[in-house]
Amino acid sequence: MHLSAVLNALLVSVLAAVLWKHVRLREHAAALEEEVAAGRQAPAPGPAPRADYARALQLLSEGGTHMVCTGRTHTDRVCRFKWLCYSNEAEEFIFFHGNASVMLPNLGSRRFQPALLDLSTVEDHNTQYFNFVELPAAALRFLPKPVFVPDVALVANRFNPDNLMHVFHDDLLPLFYTLRQFPGLAHEARLFFMEGWSEGAHFDLYKLLSPKQPLLRAQLKTLGRLLCFSHAFVGLSKVTTWYQYGFVQPQGPKANILVSGNEIRQFARFMMEKLNVSQAGAPLGEEYILVFSRTQNRLILNEAELLLALAQEFQMKTVTVSLEDQAFADVVRLVSNASMLVSVHGAQLVTALFLPRGATVVELFPYAVNPDHYTPYKTLATLPGMDLQYVAWRNMMPENTVTHPERPWDQGGIAHLDRAEQARILQSREVPRHLCCRNPEWLFRIYQDTKVDIPSLIQTVRRVVKGRPGPRKQKWTVGLYPGKVREARCQASVQGASEARLTVSWQIPWNLKYLKVREVKYEVWLQEQGENTYVPYILALQNHTFTENIKPFTTYLVWVRCIFNKTLLGPFADVLVCNT
């Protein structure tokens, strides 16, 4: 075949691919335009009767924008708007002041210190702030004709849609529970992502959260110059997040984690249903250990040897899985039935949230990377109610690592640094604590390839996993707390001028008779009125007579509460005032 013929054939195929992509993009844009075309006639969402365009414009022009928010500060605020608008030309939201406008909280200039709210769940990040420009409603006469979006909108930012850990932790989980925070929102809302990213590698996962196609900021320009939302919710609940990435202080678990494994597992169940993944029985017909395999970086250099050793030690099949080569639904199917998940530290480990109860997570750390400094997956695995076992293994042998100093800086290369800094990094035995996100020593070490020392890994795993690893049925493990003790009362008796007795009694919390509890104890605090200190007692019975240091003709304050299984502390009953 002549070279010219080959080139012509190649050119035709490339041109056909380009034209096909162009046609698909045009079809997608046309579909979006058709969806909002009705917005020029009928802005009201949901089952309510649809007002005509003139009525919608009148409501906006006369009444203006309406805003009511929950949360006290910009880091925990979610706001509900009526008639919030967005200018595609200015790329800003607009609050129109009319005769029915409400703005709660009405912060004045404090709205800019630093913002009304965070659009993403990464707290107080200066690229994630939301605010709006204020205009009188009369200014609508001089602006482009508004297009009314017919959907209830949930407006937010994705933080890093190309990283699976960020996708789940920062976006999907918070979106899932924010949609359920307000009645009907999960079934009505369309997601509007305003951060400016393209769809990214995991956009199909976002589509699972709502029956309506999510829209990106770039797509809004095809819909009109001025968009107005009859109903919009702005911001995300952060209550499901468990980790901070080190923008202000070195990364680590959040100081006040408010989510448990119960909420994580309910979200995982929803995602599995949407992905059409069944957890009924192992897909391979038997129990197995699953090892994440990577092909570009952070390689396990002796992967085959590792698979064989794990199979021999635990007497079960070992299987590899790869996000690079397999569909995400297939990955979830394998993870959700695995007895053990083994992986080098990386975003793929967030899939541990799909593991069955009783499974084990084994996280491998390259040379010079301290497992105690990087714990997003340990924190996830050890949340109350996740019921997972967690093992961290660290390569302590420099001869078992392969580094890549020649790579680009964002893949761990250090050739761009001066020679002294390169030498320091090469000689370092541990990456010091650091802030996010471009620390060259951290990147150099985390992108190493590792030959796993099999005996030390097996020994490390066996410290945690004593028997055969594997899923197991477990009873409800998230603790149920006692209520208040009931009918607390006290009775005193005086014996002479210097001795007295104080008897305190109470009834069990009313919810105790409906619960199976291994151990019930009671905590009593005894304080002489006017003193700053109290004496605590742990008691097994529902009454007790106190004699030590009880004075006659003295007032005592007494608090009583119930404790289940040593750790589940109930509320104190109302204070008893006891006179001897």
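Quick reminder: no glycine exception, Cβ is built from N, Cα and C everywhere.
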Of ASN99, ASN337, which one does Swiss-Prot label N-linked glycosylation site?
ASN99
Which candidate, of ASN276, ASN543, Swiss-Prot gives the annotation N-linked glycosylation site:
ASN276
According to DSSP, does ASN276 (N-linked glycosylation site) sit in a helix, a strand, or coil?
coil
How many helix, strand and coil residues does the domain 'Fibronectin type-III' (488-580) contain under DSSP?
5 helix, 51 strand, 37 coil
Average model confidence [pLDDT] within the domain 'Fibronectin type-III' (488-580):
95
